[in-house]
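Trainee: Before I ask anything, here is the structure I am working with.
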């Protein structure tokens, strides 16, 4: 078990020099502040997943983090901490480990540039390998590490009390009689502890899945195994796939672990389960995990993943501002980031939340971080939404920084020859940056014979207000001061010129295609409810940006779905806040290669469209479907409460999000004291009228009869990306990161409604 397990943990990296470097470990200087810098010995454990560190003073060692918690390894002084607490001359020896979720960076200094590069290269390689483990290997990885934890005296044997401890670690409550029965069943040597093959037998008993036995037994008609023809029958009948014998042979070749069975061209139950855990066989249509949509439509024909107050790590009153917040948002596929710009000392503009105690960061540092990380997750264009409060001089500095740092990637003139009449496409704008902000004149003026007079002119200040009180907003409107605008900055605004919204008629008659408005959440929701078709029409021709209410000082979010239903493209959310709304947003942008651009349905791109998400009059959008979902079982659901004795009582909610007629939620009964392998076998049925706008969300909660249920994990997927049949559903934690071995097993069927 130990040897097998370890071989699987290295996932093909046995003997790799980068892995060996990490297993050997080394001294690094850990940096917490300018005065706190201490040497620590870091080393990767034998599980090839857990990093330990040892203090040079006390020689105490402790687990610090798991490699699957790493979001990114940054070479050089890229983190806030290293920029602030180290000198420039150590740049080449520095690196930072950025974690998923809200965990602080680990800032480190190696003894040489070569050593720093080796740490970065080795960590990146092993992290990439862990991310590529299939779910079966990930599950084994997790169970293996729980077994190691349970083996208190580290003798590679498990006593009966260690077995009970292990069961608790994997989130399964068993009564003493059952634990004793399991133990005795496996303790073939009658020695009072489990070792070697006995632990393997114990593992097999635990991971046995009855529901898989039933499905496999239904189709394994060839001496207890599945033949290629049996597999084709399963794929066609249950999974509703077009499958050939050649496909079946490929699956057997790839997933059958037993060489003897593979030689006979058969698929064992283990091979069948390995196949069902394969990403392409899970609930998300694998074709949709790549860019599969037409990316040559005008930019405003897409929903665009967008962030509000991107610079904030927490709340909007006193939370820290950080370039890392931009890195995190961009790595999650965000394509529109916000920069709240204010005058700084020594002529350098700053970014922070005005009139609050949020910390301040240099505009220049933010642009450098954006340049570095903009296109790591997606190649498609990034919009820099400027909220500009700077004087003319510092605006010129902003323009200089953007021009010098972003270079030719910054769009500073229309693509093609002559005055454009429509937006370019995401495909044409690949690798490019667009500026959204105020402009001194119409774009048409660039093509007229006369040039704009003067270096700066008055324009009305950016329309964002941080107050929802309408009366107060009106007062502000009257007092609204004029903003002087630097020509250098104004000239960079090409396709996203910010203007005030004075109604749909005014916009249609007086605004050019590139002139766009930002809407307060409340205003946008009202328009989406009361003038939905007019809003849809407006968004066929223009871009709209929606932002959260100013009173959301805790950086909470709003439901983006009603705004998408009205065709709004840039629905900006607080990416730093974990909540249902961000889960749904992540689900919307899960597909199309996580490009951050999702093509709107054809009926939302048509200038003559009569689509209204509220009234749902007849049209191409009405494709009434019946969605049948059977929630069968769960696997390795994590503990909510990390206390040893607490075990999850899981229940599953299935939600549909979309037009009001489609919104629905159903839930299973809770299963008591079993997060390891709960079974529900419950059927749900949903009516979905506009499938192209619908999303399906699976939520697992820990049932509590005396208070609110606690969140365990969730997965949101566009209705159009569901695969049919028996499917595993991965689960994400509250930060939107994959829970390594947790999941649901469901059956999905979609029928045309009568």
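Including glycine, each Cβ sits where the backbone N, Cα and C put it.
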Trainee: Of the residue ranges 425-452, 453-480, 481-508, which one carries the region 'Disordered' annotation in TrEMBL?
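Mentor: Based on what TrEMBL states, region 'Disordered' spans 453-480.
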Trainee: Counting Cβ neighbours within 10 Å across all chains shown, tell me which of the binding-site residues 30, 38, 436 comes out on top.
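Mentor: The most densely surrounded of these binding-site residues is 436.
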Trainee: What is the interatomic distance between the Cα atoms of residue 34 (substrate binding site) and residue 189 (O-linked glycosylation site), given in whole Å?
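Mentor: Distance between the two Cα atoms comes out at 59 Å.
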Trainee: I need the most crowded of these recorded positions: 34, 50, 189. Count other C-beta atoms within 10 angstroms of each C-beta and give me the top one.
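Mentor: For the recorded positions 34, 50, 189, the Cβ with the most other Cβ atoms within 10 Å is 50.
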Trainee: Go through 46, 54, our binding-site residues, and report the one whose Cβ sees the most other Cβ atoms within 10 Å.
Mentor: 54
Trainee: How big is the gap, in Å, between the Cα of residue 38 (substrate binding site) and that of residue 189 (O-linked glycosylation site), rounded to a whole number?
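Mentor: A Cα-Cα distance of 50 Å.
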Trainee: Let me check the 10 A CB neighbour count of residue 42 (substrate binding site). How many other CB atoms are there?
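Mentor: Within a 10 Å radius of the Cβ of residue 42 (substrate binding site) lie 19 other Cβ atoms.
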